[in-house]
Amino acid sequence: MIDRFGRSIEDLRVTLTHVCNFSCFFCHMEGEDNSQSLLSPEEISLVAKVGIEYGIRSVKLTGGEPTLRRDLLQIIRELKDVGIKEVSMTTNGVLLSTLAWKLKEVGLDRVNVSLHSLDKQLFKEITGVDALDKVIEGIKEAIKAGLRPLKLNFVLTKKNISQLDNIINFAIETGVDELHLIELHPVGLGKNTFEYHEKLESIEKILKERADKIEIRSKHYRPRYYLNNLVIEVVKPYANPIFCAGCNRIRLTADGKLKTCLYRQDKEIDIMDILRGDFSLEEKIELIREAYEIAIAIREPNFKYKVESYAPS
């Protein structure tokens with residue numbers, strides 16, 4: 001199904017929990033407020049199953065830290081059972097060394113692992129946890145288990161810009177498939193720490209000189225730089241109408257809302273009462289369909305082109 005700006009929805013991002021065993025100072029918290037309510041595996045899979053009718057093909061599990069959900073394996077299994085083609089997860093990686101093979105076995109396809117420093121002291125300063133060795137171990141185990149392409153997420157700030165070369169070399173040597181250089185943006189805790197914002201333009205200039213090949217990813221018009229067997233992708237979502245023009249995501253919050261945009265809290269459809277109301281399964285499915293249709297109808301880019309025609313030529 002296409003929204004009024006010509007954008008399809010193909011990816012459902014599901015926040016499994018707001019709880020995290022890290023405390024990164026810039027966390028955007030998926031643009032959500034803290035909530036104690038958690039959707040069950042059955043509720044998540046039902047929303048995803050109905051979403052397939054509207055174009056959903058992939059589900060990204062996020063948090064908080066999704067590996068803290070004790071029913072994570074069941075959630076992944078049920079998403080696969082209802083027909084989701086790709087299930088991926090963003091994680092801090094600290095529990096990945098013990099979970100990687102189990103995750104692969106139940107159907108998880110790939111992971112994004114957040115890694116913002118290879119210096120132990122700086123890692124602890126950024127995350128609040130002395131766990132760098134465990135994260136590195138988790139990355140290596142995930143690669144062995146076949147959770148690929150394995151992608152590293154590196155949020156660039158004034159604190160860790162000196163770490164970038166080390167991160168690139170580590171990624172190449174370890175067999176990481178992609179490295180995402182992510183611009184700090186003022187959402188969640190990032191609103192209070194934007195003083196650490198570091199522009200990516202100077203980094204891109206260096207990457208252009210070092211890259212074996214450069215291509216532009218059609219979705220979001222992101223540049224991708226090839227260094228040896230590593231792909232480095234630059235992610236600049238904030239105040240970026242090109243990023244919004246290519247957005248194919250809709251979000252399911254931990255407390256049961258369909259959220260149409262990371263940056264907006266005024267365009268959400270609360271479906272918790274549907275999921276937990278006294279309705280038959282058929283009635284729930286029909287009401288969730290209506291919720292998707294409303295969400296798609298009100299969905300709009302947060303950052304727009306200042307022209308009549310929205311999509312870039």
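Even glycines carry a Cβ here, placed using N, Cα and C.
As written in Swiss-Prot, here are the features:
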DOMAIN    4-224  domain 'Radical SAM core'
BINDING   Arg13, Lys60, Thr90, Lys151, Arg249, Ile250, Arg251  GTP binding site
BINDING   Cys20, Cys24, Cys27  [4Fe-4S] cluster 1 binding site
BINDING   Gly64, Ser114  S-adenosyl-L-methionine binding site
BINDING   Cys244, Cys247, Cys261  [4Fe-4S] cluster 2 binding site
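Where Swiss-Prot records a feature, it is marked here on the structure.
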{"residue": "Cys20", "record": "[4Fe-4S] cluster 1 binding site", "contacts (Cβ under 8 Å, 6+ apart)": "Cys27, Gly63, Gly64, Glu65, Leu68, Asn92"}
{"residue": "Lys60", "record": "GTP binding site", "contacts (Cβ under 8 Å, 6+ apart)": "Asp11, Leu12, Arg13, Val14, Ser88, Met89, Thr90"}
{"residue": "Lys151", "record": "GTP binding site", "contacts (Cβ under 8 Å, 6+ apart)": "Arg110, Val111, Asn112, Val113, Val176, Asp177, Glu178, Leu179, His180"}
{"residue": "Arg249", "record": "GTP binding site", "contacts (Cβ under 8 Å, 6+ apart)": "Ile9, Glu10, Asp11, Leu12, Arg13"}
{"residue": "Ile250", "record": "GTP binding site", "contacts (Cβ under 8 Å, 6+ apart)": "Ile9, Asp11, Leu12, Arg13, Gly51, Ile56, Leu258, Lys259, Thr260, Tyr292, Ala295, Ile296, Arg299"}
Integer Cα-Cα distance in angstrom, Arg251 (GTP binding site) to Cys244 ([4Fe-4S] cluster 2 binding site): 14
For Gly64 (S-adenosyl-L-methionine binding site), the number of other Cβ atoms found within 10 Å of its own Cβ: 23
Neighbouring C-beta atoms (10 Å sphere around the C-beta of Cys24 ([4Fe-4S] cluster 1 binding site)): 20
Confidence summary for the domain 'Radical SAM core' (4-224), mean pLDDT rounded: 92
Local Cβ density at Arg13 (GTP binding site) - other Cβ atoms counted within 10 Å: 19
Shortest C-alpha distance to Ser114 (S-adenosyl-L-methionine binding site) - which of the binding-site residues Cys24, Cys244, Cys261: Cys24
The one of Thr90, Ser114 whose CB sees the fewest other CB atoms within 10 Å, among these binding-site residues: Thr90
